[in-house]
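**Q** Here's the feature list from TrEMBL:
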COMPBIAS  1-15  compositional bias 'Basic and acidic residues'
REGION    1-27  region 'Disordered'
DOMAIN    16-284  domain 'Homogentisate 1,2-dioxygenase N-terminal'
DOMAIN    285-437  domain 'Homogentisate 1,2-dioxygenase C-terminal'
BINDING   His340, His376  Fe cation binding site
BINDING   Glu346, Tyr355, His376  homogentisate binding site
Amino acid sequence: MSGTERARKTADGLEHVTGFGNEHSSEAVRGALPVGRNSPQRAPLGLYAEQLSGSAFTEPRAHNRRSWLYRVRPSAAHPPFTRTDNGALRGAPFTESVPDPNRLRWNPLPEPAPGTDFLAGLWTLGGNGDAAQRAGMAVHLYHANSPMTDRVFSDSDGELLIVPEHGGLLIVTEFGLLAARPGHVALIPRGVRFRVELLDETARGYVCENYGRPFVLPDLGPIGANGLANARDFLAPVAAYEDIERPTEVVNKFCGNLWTATYDHSPLDVVAWHGNHLPYVYDLRRFNVIGTISYDHPDPSIFTVLTSPSDTPGLAGVDFVVFAPRWLVGENTFRPPYFHRNVMSEYMGLIEGAYDAKAEGFVPGGGSLHNMMSAHGPDRETFERASAAELRPQRIDDGLAFMFETRWPVTATAQAATAGHLQTGYDDVWQGLERHFTPSSGAAPTDRP
Ligand SMILES: O=C(O)Cc1cc(O)ccc1O
Ligand SMILES: [Fe+2]
């Protein structure tokens, strides 16, 4: 592999180019990338030139996303696609059930049947918006025990933010190879073809399918020029191609449904590329956590890794938020997440360990849905413990949780609403919160340090 810009090797032995949203370029064979033009009369080495657009041609430069691919065969050379079974995948609009105002919580997906690959193992929990309108999001889970062999997937409906919880993934994309292990997230842009191999025997995790504007880093405002997820920690692959001449199934998700075509070659045959519509991985342990060093519990927007903006400033189609190891030092403060009702809808998952608002029942691989305006917060046990705790500096380092927070309510699919792994009695975690109100006790209403 020879990168046209200096590539960096990471622990997985893979080379990467670094940075968020950058123009990168890479060639797996020296001389494959045309110099000084995108579309020469004859592309180098007998390759075909092809543009992949992730934004309208005319979007402002800051939002414009496209990559040029130099490939063995043009993507256009393919047989017709026909409908195939959607399996447990569902798409927006989510109309098979009514949106539920109740607080819902799930245990992890059951073990997959033998021979389940990443694509077959995708299971839709719910979502909102409309894929055809390019607005909204879906929450999927996956479980897999087999590699995708001679099988490639692409999603025309949106980008896929993959959050492994168990087992590592080797993601073979048109742009090259990415490894994503628990604690990493991987992003596959809209339309990019890829297949997933397993780095461990089984794999399990979460996927946010974002139909709306592509994820970007949030603005930092008064935080300044650095912090939260730093752009330099995002890793894109270097060019690597498959030269495989045997039948390969290409599955495309289009407006909620799966379509299939059998090519006579692997379409992961891109020898060189340049552009900014690229897959990437990010290690959540690199997240620079910012929080209070005085009092009160800041809103979790301070933990935003990536945001998909809408046309309204500050109102995300979906935010991806991480609850990473950090110190809690707030004085005279109830330190875990507060009781709240939120106009945004919150789906939460757990990558490892425990989450500081829930003593029990919220487990790695499981998830909770707190829809628009539903009342939630610390469970009884957490409330009682944190209200009485001695407020020494405390390090929270026994868990990695995340949230997909979206502007629209999440409608659970029928399979999620009736799943055996849907917990019953989740409401009970807030039962037994006793009344303590004693009007005569005379506590100072503004009892600040
Ligand atoms: O509900 C949750 O646990 C997520 C969350 C965390 C937090 O620290 C503050 C608000 C919030 O919604
Ligand atoms: Fe919340």
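Every residue number used here counts from 1 along the chain in the order it is shown.
Backbone N, Cα and C atoms are what each Cβ position is placed from, and that goes for glycine too.
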**Q** How many angstrom lie between the most widely spaced Cα atoms of the homogentisate binders Glu346, Tyr355, His376?
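**A** So the binding residues stretch over 15 Å, Cα to Cα.
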**Q** For His376 (Fe cation binding site), which DSSP three-state class applies?
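**A** The residue in question, His376 (Fe cation binding site), is strand (DSSP, three-state).
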**Q** Please report the Cα separation of His340 (Fe cation binding site) and Glu346 (homogentisate binding site) in Å, rounded to an integer.
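**A** Just about 12 Å between their Cα atoms.
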**Q** Rounded to the nearest Å, what's the C-alpha distance separating His376 (Fe cation binding site) and Tyr355 (homogentisate binding site)? Just drop the number here, would you?
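**A** Roughly 14 Å, rounded to the nearest whole number.
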**Q** Which sequence positions outside the region 'Disordered' (1-27), separated from its termini by at least 6 residues, show Cβ-Cβ distances below 8 Å to it?
**A** 33, 70, 175-179, 216-217, 229, 231-240, 271-276, 278, 280
**Q** I'd like to know which of these binding-site residues, His340, His376, is least surrounded, judged by other CB atoms within 10 A.
**A** His340
**Q** If you average per-residue pLDDT over the domain 'Homogentisate 1,2-dioxygenase C-terminal' (285-437), what number do you get?
**A** 96
**Q** Are there residues of the same chain, six or more positions away from Glu346 (homogentisate binding site), whose CB falls under 8 angstroms from its CB, and which are they?
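**A** Sequence-distant Cβ neighbours: Ser368, Leu369, His370, Asn371, His376, Met403, Phe404, Glu405.
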